[in-house]
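Structure first, then comments.
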C-alpha cells in the first residue's frame, strides 16, 4: 500500500520559508512584487488568479492585478507588459493563459523580460533549463521535483518515465529529472507498449489530461507516482490522470488529486518571485 505524498503540507512548509524571508527583507525596506495580467472573463482563470493574489499577499509580497477586456488588442497587451518590465516595484510578471485567439501567446511570453518571467516560459529561461544553468523553472515541474525529494528518495540513478510532452509540464519536468541525474524516458500518445514502458519507472510522472488513464499494470511495485492531472470522472468528481484506488496498492508513494501537485504550483510561483526580486537586487 503506497504512502500518500501530502502536497498541501509541503506547499505550506515552503510558503512559510518564503514568508519568513520576505519579512526579513521588509526590515531593509525591500518588498518583492508580483503582477498578474488577466485578459477576458474566463471563470477558471479568474478563480486561479484570485488564489494567486491571496497567497502572494499572505506571503507579504506586493500583489498587482491588471484586468483587460477579452477584446483588448495584442498591441495594447504588449504595451502593458513593457510597462511592467520597467516598473521597479514589480519583480515577477505573469500573464494568465489561455489568451483570446487574436493574441499570440508566443509573442506575449517573448515580450516579458526574462528576469521577471516567474512562469519560466521565456525562451531564455527554457534554454537555460536545458543547458543546466540556473533559471526560472515552470512552477508545476519545480513543485514536482520538490514532491519527489520530500519522499527521501535520491533521484540520481533512478529510472524516470514522464507520460506527456507539453512545454509547460512534460518536457521541463523530464529535463529537471535529467539534471538530477535520473535516466529519463518521455512517453506520449504515440508510444508503443506504454504500460510496459511505464512499468520500468522508479519515478512515474503522469500528465496526459485523461481521467484515470494510468492503471496498476503501468506501475512498477514501489514506484513514486506523481499525478499532474486535474480531471472529472464519470460521476463529475475531481480526479487525476492516475486511477488512484487501483494504483495505490502497487505504488510506494503517490500524490492524491486534489491535494498533491496542485498546491505546489502557486507556492513555487512565490518562490520564483522571491528569487527574481533577489536577483534584481543582486542579493543572490
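Backbone N, Cα and C atoms are what each Cβ position is placed from, and that goes for glycine too.
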Seminar exercise, completed: For the NADP(+) site that Swiss-Prot gives as 164, 165, 166, the extra residue out of 135, 189 is 189
Exercise. Looking at Cβ-Cβ distances, which residues of the chain lie under 8 angstroms from residue 164 (NADP(+) binding site) while being 6 or more apart from it?
Worked result: 170, 187, 188, 205, 206, 207, 208, 209, 228
For this session: Pick the one among the binding-site residues 166, 189 whose Cβ has the fewest other Cβ atoms within 10 Å in this structure.
Result: 189
For this session: Output, ordered by sequence, the same-chain residues six or more apart from residue 165 (NADP(+) binding site) with a CB under 8 Å from its CB, or 'none'.
Result: 171, 186, 188
